[in-house]
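K.L.:
Feature table excerpt (Swiss-Prot):
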type	residues	note
BINDING	33, 36, 117, 160, 163, 166, 169	ATP binding site
BINDING	33, 36, 117, 160, 163, 166, 169	CTP binding site
BINDING	46, 48	Mg(2+) binding site
């Protein structure tokens with residue numbers, strides 16, 4: 001049996017929680033992704049605890065708790081400034097919607113609880129002494145760098161079809177391969193993904209797209225036909241098959257969506273609809289639209305100073321990132337140097353505003369807005385100095 005002696009601080013801080021449960025006569029273990037990650041020597045973001053104690057019994061042991069999912073056996077305990085999700089050992093049955101169990105039964109056996117987990121590498125538990133409980137050879141699969149469903153993969157994917165997306169996501173993040181039967185079960189059941197909300201699919205897709213192994217995972221995403229069951233990807237395998245051949249994997253979400261849109265050869269007027277279909281925020285949609293606009297400009301010609309000003313620093317850096325990933329030859333240093341040399345980089349830096357123009361005798365209205373815009377363009381292109389005096393001279397010449 002494997003024993004881990006030097007546990008990260010996130011575990012040692014939680015030890016008193018397990019100890020209190022054990023002192024009360026219950027079993028308690030760390031479980032799931034945190035155990036997997038500590039075995040892989042990866043950073044552990046948060047921990048989950050599983051116990052033989054029923055939710056009400058957990059609540060009796062700790063002063064502060066929140067009923068986060070008490071119907072399914074989960075209580076969040078607040079202890080020493082940290083929050084811990086503690087879930088009762090359980091079995092699940094009846095998955096009519098392919099998303100969540102119709103029935104949850106609390107059990108007193110860790111083995112039964114681990115059987116319901118998605119993949120062997122996640123069906124690992126660790127006790128307070130650092131001993132690893134591994135019923136399904138998850139440690140061996142970690143060594144082999146393999147993602148294998150617990151038990152029958154068809155059953156696991158019928159229980160929650162999102163697990164198919166989680167499989168390719170873990171491929172990307174952990175740089176693992178899919179076990180043969182697990183991959184075949186995804187290919188045979190990919191249409192079940194249509195039963196899952198876009199929000200849940202999107203979360204897994206983004207994690208897959210930003211993983212270090214995303215190009216390899218994306219190939220499996222295409223080969224298993226999962227791509228046929230997500231918004232706007234059906235019938236687009238030929239266009240999307242460029243993704244696995246990219247020089248680099250994206251590390252920013254804006255780059256991920258921009259690259260997908262460029263590969264799909266999507267007209268600019270369709271971007272908003274596409275992003276909404278994927279349940280992206282308005283802010284994310286706007287950022288991606290700005291990147292695509294500048295990317296198109298750079299692909300056609302060297303952008304003017306004013307076009308660089310309109311794009312802004314964030315959009316410029318993100319667009320250069322997208323071009324770099326796509327292998328698009330652009331003079332990125334020259335573009336950044338030109339942007340940094342602009343007299344102003346945002347409208348608020350202009351020496352005058354609308355009030356100044358009114359003081360000069362202009363009436364509020366469209367003409368004033370047009371004049372202000374022209375002044376901004378002239379300042380950005382260094383045709384007028386960014387001073388009130390120089391702008392006054394320009395206004396006098398207009399009269």
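Using N, Cα and C of the backbone, Cβ positions are placed for all residues, glycine too.
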K.L.:
Among the binding-site residues 33, 36, 160, 163, 166, 169, which ones place their C-alpha within 10 angstroms of the C-alpha of residue 46 (Mg(2+) binding site)?
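P.N.:
Qualifying among 33, 36, 160, 163, 166, 169: 33.
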K.L.:
Measure the Cβ-based neighbour count of residue 169 (ATP binding site), defined as the other Cβ atoms within 10 Å of its Cβ.
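P.N.:
Its Cβ shell of radius 10 Å holds 25 other Cβ atoms.
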K.L.:
Return the residue, from the listed binding-site residues 117, 163, 166, with the maximum count of other C-beta atoms within 10 angstroms of its C-beta.
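P.N.:
In terms of Cβ crowding, the pick is 163.
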K.L.:
For the binding-site residues listed here (46, 48, 160), tell me which residue's CB has the most neighbouring CB atoms inside 10 Å.
P.N.:
160
K.L.:
Can you tell me how far the Cα of residue 48 (Mg(2+) binding site) sits from the Cα of residue 36 (ATP binding site), in Å?
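P.N.:
So the alpha carbons of residue 48 (Mg(2+) binding site) and residue 36 (ATP binding site) sit roughly 12 Å from each other.
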K.L.:
Across all protein chains in the structure, which of the binding-site residues 33, 36 has the highest Cβ count within 10 Å?
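P.N.:
Its Cβ has the most other Cβ atoms within 10 Å: 36.
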K.L.:
Is residue 48 (Mg(2+) binding site) helix, strand or coil when read with DSSP?
P.N.:
strand
K.L.:
In whole Å, could you give the widest CA to CA gap in the CTP site formed by 33, 36, 117, 160, 163, 166, 169?
P.N.:
21
